[in-house]
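Record features, source TrEMBL:
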type	residues	note
DOMAIN	141-248	domain 'UvrA interaction'
Amino acid sequence: MAMKTEENLVFDKIYVKGAKVHNLKNIDVEIPRKKLVVITGLSGSGKSSLAFDTLYAEGQRRYVESLSSYARQFLDRISRPKVDFIKGLSPAIAIQQKVNNNNPRSTVGTSTEIYDYLKLLFTRVGRTYSPATNKEVKRNTVTDVVDYIKTFNSGERILVLSEIRFTSKEDLLKSLDSLIKQGYNRVKINNKILKLSEAKNEGKVKIKNAFLVIDRIIISNNDSFYNRISDSIETAIYEGRGRCIIESIEGFNYKEFNTKFERDGLKFLEPNINLFSYNNPFGACPKCGGYGDIIGIDKDIVFQNKELSIYENAIFPWRGKKLRRYKNLLI
């Protein structure tokens with residue numbers, strides 16, 4: 001197949017033309033990208049020369065050249081491999097076969113030193129999803145609530161609410177008394193806005209839900225409005241123990257915000273670097289402790305012939321001299 005010219009290449013492959021490193025004799029090769037490619041051949045045929053001394057060397061050289069001149073002064077100069085050109089080559093990572101590490105916690109990530117970067121990547125841009133609804137878990141801020149309010153039309157009326165949690169009617173009455181002493185005026189009980197003094201007389205009605213009305217306000221686009229609404233949101237978050245609710249009176253829009261890292265009644269740990277480290281108790285698998293292996297019994301090895309009885313030496317480890325006594329104790 002004729003080699004494509006340098007000008008009209010489509011980089012779905014890595015194109016190598018005229019490789020002459022070591023025992024490579026001016027070879028041309030096209031390597032598909034995003035594929036697992038094996039370079040095989042006889043000893044001395046140039047496998048390592050192509051993989052390490054050509055592709056990896058050129059990838060490293062280009063990466064170093066992309067750094068600032070200040071950073072390059074601390075790095076060794078990398079010479080260009082003997083090749084006409086290489087196109088479609090991404091930054092390269094190489095692990096040589098001679099690397100011998102007996103550490104059971106050593107992985108490809110630690111050997112190539114990309115593990116620390118992966119931990120940082122997941123910590124900074126990773127997203128947490130609730131297993132109950134598969135929706136993203138987010139910690140809301142006052143700014144998030146204000147941005148949501150900005151989606152309303154000017155002149156609309158909204159309520160800033162915080163939920164009053166109670167276990168019994170007596171518990172609710174105590175909460176209402178406390179709110180009156182704090183200077184609050186209104187609550188919303190069973191979707192009806194009442195004065196706190198009136199709400200205490202709702203004794204005969206079954207109360208399904210109760211919300212403290214922090215503010216009733218008309219949407220407008222000026223600084224005084226946003227200053228007031230920000231203060232109201234902070235108060236609602238404080239009274240609601242991290243939660244606040246924005247409700248449109250006309251449109252019946254209702255949205256709850258939570259400053260805690262929670263969703264669907266579940267609490268989550270925010271992504272941090274320890275969660276992605278198998279050397280840390282927070283990130284290690286509870287079963288294997290971060291080693292990747294667990295001690296167990298392989299039934300297929302223990303019972304190699306399932307047609308035998310225990311008397312006929314069905315349990316393979318008991319056939320030896322040391323463990324034969326367990327068979328004798330059993331039978």
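Positions of Cβ are set from backbone N, Cα and C atoms, glycine also.
Just so it is clear, the model here is predicted, and its values are computed rather than measured.
DSSP states for the domain 'UvrA interaction' (141-248), grouped as helix (H, G, I), strand (E, B) and coil, give 42 helix, 30 strand, 36 coil. Model confidence over the domain 'UvrA interaction' (141-248) stands at 88, taken as the mean pLDDT rounded to a whole number.
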